[in-house]
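Asker: To start, I am sharing the structure in question, which I have written as structure tokens.
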Amino acid sequence: MYKVLLADDEPLALEGLKIMVNWEKWGFRVEGLCRNGEEAIEHIRLNPPDLVVTDIRMPVLNGLELIEETRRLGNRSTLFVIASGYDDFDYARQAMSLGVKHYLTKPIIEAEADEVLERMRNELIGREERQLMRTGADRYAVRQALSMLLFGGEEANRQELMRTLNHLSSQASNWTYVQVWTGEEVLGSAREIALRMAEEYGRSYLIDRMGGSFGLVLGSDQPDNEEVSAFAERLHAAMRAAISGRIEMAVGCDVDDLNKLSTSCRSAIEAARFLFFGGTPIVHYAKVQGQKLSFEPMELKAVDSVVETMENARPEELASAIREVFRTFEERMVQPELVRIFETQVMLACASLVKQLGGNPDEMHLLWDSISDADRGKHLQKSAETLIAFCLKCQAAVHELQEMNCGGTPAKVADFLRRHYKETFTIKEIAEQFYINPVYLGQSFSRKYGIGILDFIHDLRIEKAKQQLRETNDASWAIAEALGYRGYQHFLKQFEKRLGMKPSDYRLHCSE
């Protein structure tokens, strides 16, 4: 992270500048707050920051004098940004003459601050890239050459770049490619950490990639990736301490020549497939080499069971069934691509079911798009939870459609029971009212609602009992009698079965 010093004689403005600006987003960290120019110059002298954001009007030493004194003391590297009011334009113009390129108006506007910090970061990155590496060649040129070697590029300077690589290759016995993934929102900060650690390491070069990732090429003289493994662990620890979210790495195999670096790169990408199963944020090709990921189409048979469970089981049973399928995927190490096919087939089967019931299947496609996100396919557990969320919403939609279609006799019976749950019926008496076989009624009702008719009635009664216990002072026995229970012990048994406590304890718990 780049170090930032803030200088302003107004305490509220100083604290607001620290809190209101998203410094970490652009790879900066506030390391000091100063109330006047004299404090600021002392801080700069003892611990030179990368960037100073200063007010112009300050006591003892104003912002312009602070810049002049910093340069007089020989500090040419610290960048300055002026933050002041609209009426300080003349001062700002003087600051520009001192080499200050950027000006923030007060009160600070977030979009303006983001634009300035992005430019500051790019300027600092550009400065770093212009530094000569130890061998005398430009580190940026080396990164360019490595990027061309791995991913192709313009042929114009190919011979010059190859000379750079040939010279560099002799600087280490082994070379290893490491791929790093982070969230897009913290990529800048992660990149800065990696860039600085790479320079400290020496024979290490950062290569920018797309999609929230970058690569590192590391040279070492130790066998078996020991030096590289230690660096990867330190880098991960440094990133984890500074940023949040996804931080994962894949370490490729060793190669003894930079011209073979593409082999190390391919092995890192192959090893990265094992990150899908979680367990470790750093995967080494040497440790997973030889392990095979399953791509058996038989795994897709679980699609039918998931959809059937969605139709006939309770939500918690549906979630449990999906988690069990994904536990099997983990045990058998099913390829990520096959898991994505499985998810897609479940989604399509759900859409087909909705269509059969007279609903709009496109709504299921839109639901899937709204629930799933970019990280879904990167981890097995994330994929499982996304599919569960989708199937639960689909289940609710299917049940609603079934109700709209009258739902058959079980739905009519359920509606009847909701209106007459206080009365006493046998299943035979209910079946006679709907002109249906009692056994068939019991079976079809259980398939639809996941519980028997009697339990359905008890659930309705106990739910009403809970409400009356919360909202009235009626005695438990009176509530039980009003709900249709002929004996208090029967009511007590059903209540404790569902809530694990006596009615009196429930009332006491609700009143706390």
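Just so you know, glycine gets a Cβ as well, placed from its N, Cα and C.
According to TrEMBL, the protein carries these features:
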type	residues	note
DOMAIN	3-121	domain 'Response regulatory'
DOMAIN	411-509	domain 'HTH araC/xylS-type'
MOD_RES	Asp55	4-aspartylphosphate
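Relative to the rest of the structure, where do these features sit?
Answerer: Using DSSP to sort the residues of the domain 'HTH araC/xylS-type' (411-509) gives these counts of helix, strand and coil: 74 helix, 0 strand, 25 coil.
Taken residue by residue with DSSP, Asp55 (4-aspartylphosphate) is part of neither helix nor strand, so it is coil. The 10 Å shell around the Cβ of Asp55 (4-aspartylphosphate) contains 26 further Cβ atoms across the protein chains shown.
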Asker: Using DSSP, break the domain 'Response regulatory' (3-121) down into helix, strand and coil residues and give each count.
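Answerer: The domain 'Response regulatory' (3-121) comes out at 57 helix, 26 strand, 36 coil.
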